[in-house]
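Q: Sharing a structure here in structure tokens format.
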Amino acid sequence: MKPADGSIMNETDLTGPILFCVALGATLLLAGKIQFGYVYGMSAIGCLGIHALLNLMSSAGVSYGCVASVLGYCLLPMVILSSCAIFFSLQGTFGTMSALVIVGWCSLSASKIFISALDMEGQQLLVAYPCALLYGLFALLTVF
């Protein structure tokens with residue numbers, strides 16, 4: 001809930017996001033779902049879409065690596081949800097509610113970082129909506 005530091009967009013670190021994508025694929029594999037291609041494909045296409053959207057919405061440009069870094073690091077709560085899917089089914093009410101909370105957490109975290117780094121005050125919900133759509137796809141992979 002603290003304000004995000006905008007200076008983190010100056011550093012492009014893709015090691016953590018790639019590890020989180022591998023961790024998401026591995027936990028999905030342990031849950032009996034072979035979805036590595038979908039995880040990497042949706043990550044790449046989603047990063048391209050968010051990159052295009054942010055470059056259209058902000059006066060300052062943002063690099064693809066920075067977008068991939070922020071979206072990848074904000075994927076960590078989805079990895080936690082996918083880890084829970086190893087031990088119990090998420091296809092009931094509890095799974096649906098926890099997936100909604102995780103999608104909200106991921107999208108609000110990513111949008112807060114983008115808003116503070118790109119000086120887009122008052123546009124957090126406009127950025128959070130496409131982020132929620134992207135993380136919602138990951139939640140669908142995890143739950144079903």
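Using the three backbone atoms N, Cα and C, a Cβ is placed for every residue, glycine included.
Automated prediction, rather than curation, is the source of TrEMBL annotations.
Pasting the feature list from TrEMBL:
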type	residues	note
DOMAIN	8-141	domain 'Yip1'
TRANSMEM	38-57	transmembrane segment
TRANSMEM	64-88	transmembrane segment
TRANSMEM	94-114	transmembrane segment
TRANSMEM	126-143	transmembrane segment
Q: The transmembrane segment (126-143): which same-chain residues, six or more beyond its ends, come within Cβ distance under 8 Å?
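A: Sequence-remote neighbours of the transmembrane segment (126-143) are 24, 28, 31, 33, 35, 38-39, 42, 46, 49-50, 53-54, 57, 71, 74-75, 78, 81-82, 85, 90-91, 95-96, 99-100, 102-104, 106-108, 110-111, 114-115, 120.
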Q: When the domain 'Yip1' (8-141) is classified with DSSP, how many of its residues are helical, how many are strand and how many are coil?
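A: Going through the domain 'Yip1' (8-141) residue by residue, I get 107 helix, 0 strand, 27 coil.
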